[in-house]
Amino acid sequence: MAVMAPRTLLLLLLGALALTQTWAGSHSMRYFSTSVSRPGRGEPRFIAVGYVDDTQFVRFDSDAASQRMEPRAPWIEQEEPEYWDGETRKVKAHSQTDRVNLGTLRGYYNQSEAGSHTIQKMYGCDVGSDGRFLRGYQQDAYDGKDYIALNEDLRSWTAADMAAEITKRKWEAAHFAEQLRAYLEGECVEWLRRYLENGKETLQRTDAPKTHMTHHAVSDHEAILRCWALSFYPAEITLTWQRDGEDQTQDTELVETRPAGDGTFQKWAAVVVPSGQEQRYTCHVQHESLPKPLTLRWEPSSQPTIPIVGIIAGLVLFGAVIAGAVIAAVRWRRKSSDRKGGSYSQAASSDSAQGSDVSLTACKV
């Protein structure tokens, strides 16, 4: 059986992303993992990726030839071999725990051994513009549905159903929340600070969106105006339509912010307008890189060059990455006031070979 169709993975991951949000000026480190059982084809496939803000920096795929945690950002490549040995060891331990958990959960739900099943996990921490801890989180899903989640107090759990209640009782007896809280408030924050400092030229940059508007007649009476924002970073952006100065959010078709494949992002928002009334509509673009919002209006005489090939290529790449690497199109909100600049102290050098503990959060269900 194939690991999973791109559309299925996209839906599962976007559903998980909707559960999280960051504050203005904050930074985040998040790990995403997926285990998929393959009856009759050997071990489950396990994929894990790590993100700092909107940038993927590490990746592991149990089907890859290297069988190692691999760098995905230039600034993480400077870590010593001991770091990569440690990260590989932890992520492999995580995959083995998930292998056991897949069997356990199949029993909880009285499922046969013939079907393929999926475990997903997201965990991480946020820091403010001063580098101090804001919050931590862990969320687990089974077969695309919520299973169990760490509450905001970092001391208790919310179980989604009766099967998850079994896991909740086990984890409470093992004091797993206390162990996880210590990691999220301590080591997770230290490594996030280190990564922000080492990768500040990339992680704390801003790339202004390249904007334009397109027009497509759908009938003799109506046309679609589409407002494009391309090649921007970070991912948080707002596109809004107005008619004669009045908000048109209810009538706007808006897509999720999507990675372009080159470290930047793209997004569009569209409205259907009566033919001949295009001039009454304006698109407003807000992004951290802009000193003030941009306002776009359709000009009938303009003939914009629409980079359709580039856009499609970016979306195809996005689908391929989702299918092969199980990443998330990270779109946590951050506003412009506090994000620029800032210096983050690194984790103590004595810990440099340990890495962020991606095995701690893998506990048997």
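Just so you know, the numbers here start at 1 and follow the chain as drawn.
Cβ from N, Cα, C; glycine included.
Marked as N-linked glycosylation site by Swiss-Prot: Asn110. Taken residue by residue with DSSP, Asn110 (N-linked glycosylation site) is part of neither helix nor strand, so it is coil.
Feature annotation from Swiss-Prot assigns region 'Alpha-2' to 115-206.
The number of other CB atoms found within 10 A of the CB of Cys188 (disulfide bond), across every protein chain shown, is 26. Annotated disulfide bond per Swiss-Prot: Cys125-Cys188 (among others), in sequence order.
Under the heading region 'Alpha-3', Swiss-Prot lists 207-298. According to DSSP, the region 'Alpha-3' (207-298) comprises 6 helix, 55 strand, 31 coil.
If you look up Swiss-Prot, you'll see Cys227-Cys283 (among others) marked as disulfide bond. Around Cys227 (disulfide bond), taking its Cβ as the centre, 26 other Cβ atoms fall within 10 Å, counting all chains.
The feature region 'Connecting peptide' is assigned by Swiss-Prot to 299-308.
Residues or ranges marked as transmembrane segment in Swiss-Prot: 309-332.
Annotated region 'Disordered' per Swiss-Prot: 338-365, in sequence order.
Look at Swiss-Prot and you will find 342-359 tagged as compositional bias 'Low complexity'.
If you look up Swiss-Prot, you'll see Ser343 (among others) marked as phosphoserine, on the strength of similarity to another entry.
If you look up Swiss-Prot, you'll see Tyr344 marked as phosphotyrosine.
Residues annotated as phosphoserine in Swiss-Prot: Ser345 (among others).
Sequence annotations record features per position, and here Swiss-Prot assigns phosphoserine to Ser349 (among others) based on similarity to another entry.
Sequence annotations record features per position, and here Swiss-Prot assigns phosphoserine to Ser350 (among others) based on similarity to another entry.
If you look up Swiss-Prot, you'll see Ser352 (among others) marked as phosphoserine, on the strength of similarity to another entry.
Annotation comment: Swiss-Prot describes Ser356 (among others) as phosphoserine, evidence class similarity to another entry.
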Those residues of the chain, 6+ apart, with a Cβ under 8 Å from that of Cys283 (disulfide bond): Thr211, Met213, Leu225, Cys227, Leu239, Thr240, Trp241, Gln242, Ala269, Thr295, Leu296, Arg297
Helix, strand and coil counts within the region 'Alpha-2' (115-206) (DSSP): 39 helix, 29 strand, 24 coil
Which of Asn110, Cys125, the listed recorded positions, has fewest other Cβ atoms within 10 Å: Asn110
Between Asn110 (N-linked glycosylation site) and Cys188 (disulfide bond): CA-CA distance (Å): 36
